[in-house]
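Input: a single structure, listed below in structure tokens.
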Amino acid sequence: MLPSLALLLLAAWTVRALEVPTDGNAGLLAEPQIAMFCGKLNMHMNVQNGKWESDPSGTKTCIGTKEGILQYCQEVYPELQITNVVEANQPVTIQNWCKRGRKQCKTHTHIVIPYRCLVGEFVSDALLVPDKCKFLHQERMDVCETHLHWHTVAKETCSEKSTNLHDYGMLLPCGIDKFRGVEFVCCPLAEESDSIDSADAEEDDSDVWWGGADTDYADGGEDKVVEVAEEEEVADVEEEEAEDDEDVEDGDEVEEEAEEPYEEATERTTSIATTTTTTTESVEEVVREVCSEQAETGPCRAMISRWYFDVTEGKCAPFFYGGCGGNRNNFDTEEYCMAVCGSVSSQSLLKTTSEPLPQDPVKLPTTAASTPDAVDKYLETPGDENEHAHFQKAKERLEAKHRERMSQVMREWEEAERQAKNLPKADKKAVIQHFQEKVESLEQEAANERQQLVETHMARVEAMLNDRRRLALENYITALQAVPPRPHHVFNMLKKYVRAEQKDRQHTLKHFEHVRMVDPKKAAQIRSQVMTHLRVIYERMNQSLSLLYNVPAVAEEIQDEVDELLQKEQNYSDDVLANMISEPRISYGNDALMPSLTETKTTVELLPVNGEFSLDDLQPWHPFGVDSVPANTENEVEPVDARPAADRGLTTRPGSGLTNIKTEEISEVKMDAEFGHDSGFEVRHQKLVFFAEDVGSNKGAIIGLMVGGVVIATVIVITLVMLKKKQYTSIHHGVVEVDAAVTPEERHLSKMQQNGYENPTYKFFEQMQN
């Protein structure tokens, strides 16, 4: 009985220990996580059985943005309240990766860093603090950085204290995978090294491994590397053979694999650097890549005699190694160097090194050069109707390439820190500074590429919108010029033109919102241009609508439809203006080529500007009535200007008919010189307030109010003074007037009597008489 009870208690304790110790994941066997490997279907953790499963839809592959990762977490875990994501601290080995269109696969194994899907309110991780270790934390409320930044901060802090980073976790979330602090545990070097198994320490003794095969040829591991590479190659061959067998069984899948998109092949190729499998390189290619690298001393200043393979000479040559960083063309002895690189033909090495090699100690992934650059490919391809889809693909490839480069740099950083453990503190700081500069340069390069991508996309969208608007306006004018004009055809052309103008306005506002979020200073500079463009749209639409009055018969017949159209557009303008500040986050992938606002409900925000705002400035027209058109018995229509009175100086060629109308004349609108300086907009409390432009008409009322205010203030002051004076005069203490001719003794006696003094003699005689 007792052994059975002990087994039950042990099983219950084991299940309890497997549960994730977070409030949001209470009762779950595993923590919600997702993993991505470009070219393969995404994987997610089954929280009920703790196993990795493929994408349920069978279509989702690697995601390029943090917003997309959060959305995918919410899709695969609909029963959980996923509020944020964070990159995991440690990589995991996941099997059974599948390509698109396959539900079950085997022998596909990759090592990746997953993303944790955080449930409910954020709760910091519970870190274990071993003996002789210290728990530390850092918070900065003015900083909102990624998981990678805070990991670097924790490592630097522990390194300054001559300790190793044992574990860490994020604090104070401020965005998607962004935080304001970090908690971490630093352990002494001796304690950390004792707690790690010696076999594991030879492979990787750092706290975080960023994936990838960390091959060190300088440590005499040639046989191990070649053996591992051969095993991987055999596994890949078997994997491809198994897939070929499956393809033979299903002819449709053969066609699908043969017609695999170029983009998917590119993503699969560029993901090699983040895994431990060599899916496209043979052992010879790996060795050729190593032996073709130039000798790198590294950022440290040690003088260690090493050997490297010289491509031009075809033999190994000595050089001095600094002790950290560098590359893999680094061998202890000449014999070992020749054993690795001597078997590779010099012609293949010269072919590999025909292009200039980077001089930087941090070697970026070489697989990116095998495919065209994502941004360059997008920029070289002319725009078409699928501009938005091409832009989204280019953006995802750019983010994937940036993540790949950052992962490679972090692996190099880890390797350099392992090698620099026994070096002086100055050398350690030099290593940290070098890689910090490298990370910053990669971030800046990615930011420049993003900006170039966005600017090109915006320019193409604007050109396409201009073409659409021009074509719609020409069709509208042609319909008006038809003999006889068909009212319903005219209305359809007018509706298309209005939609084209609406797209232009939507594109302008979204572009300004993106610039405002990325670069507020630049947004302030282009603010007047944005307002001017909105004003141009307003003027252009008023002129186009005024043309309808030249054909009164058509205007009268379609008046109801036009009024309804104008009301819808006015409601659209009100919705846009009312929601300008309600949702400030807009990805730079949204643009005017996406579905209209009535379908997507995307909101924008305008910065407050100096000056006055008129609601009509963003409402492109005013409703009109055909009854206001005067009758003309001679069929000569006097056009009615539907624009505001202040803007009626623009000529519309009254009475000239529509035979000589040109689209360019409508598109070119004269703007007031003052509008560039005073944009005429003001936002208060998320509402738009109209101020009359003609302030002179209210000067009389203002002067009257000022005079009345002065009079009222004067009366109040006089009243207060009188009340104060009355208060002081009403207070008295029974003062009795004394004749000025009396003697000083009598005056003194009078004052004493006023204060209650009684002459004792008088009091004695009064008592005697009584």
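Backbone N, Cα and C define each Cβ position, glycine as well.
In Swiss-Prot, the feature phosphoserine is attached to one residue out of SER282, SER348, SER679, SER730, namely SER730. Among the residue ranges 409-414, 685-690, 757-762, the one that Swiss-Prot annotates as motif 'YENPXY motif' is 757-762.
The phosphoserine entry in Swiss-Prot, when matched to the candidates SER407, SER441, SER667, corresponds to SER441. Region 'Heparin-binding' is the annotation Swiss-Prot gives to one range among 358-390, 391-423, 622-654, and that range is 391-423. Shown are the modified residues TYR336, TYR757; of these, the residue with the fewest other Cβ atoms within 10 Å is TYR757.
Residues of the region 'Zinc-binding' (181-188) grouped by DSSP class, helix first, strand second and coil last, total 0 helix, 8 strand, 0 coil. Restricting the average to the domain 'E1' (28-189) gives a pLDDT of 84. If you look at the region 'Zinc-binding' (181-188), the same-chain residues 6 or more away from its ends with a CB under 8 A from one of its CBs are 124-125, 127-130, 132-140, 150-151, 153-154, 157-158, 161-172, 195. Helix, strand and coil residue tallies for the region 'Copper-binding' (135-155), in that order: 9 helix, 7 strand, 5 coil [DSSP].
DSSP gives TYR336 (sulfotyrosine) a helix state. Its Cβ placed at the centre, TYR497 (phosphotyrosine) has 24 other Cβ atoms within 10 Å.
Of all the recorded positions in the record (TYR497, ASN542, TYR757), the one with the smallest CA separation from TYR336 (sulfotyrosine) is TYR497. A Cα-Cα distance of 98 Å separates TYR757 (phosphotyrosine) from ASN542 (N-linked glycosylation site).
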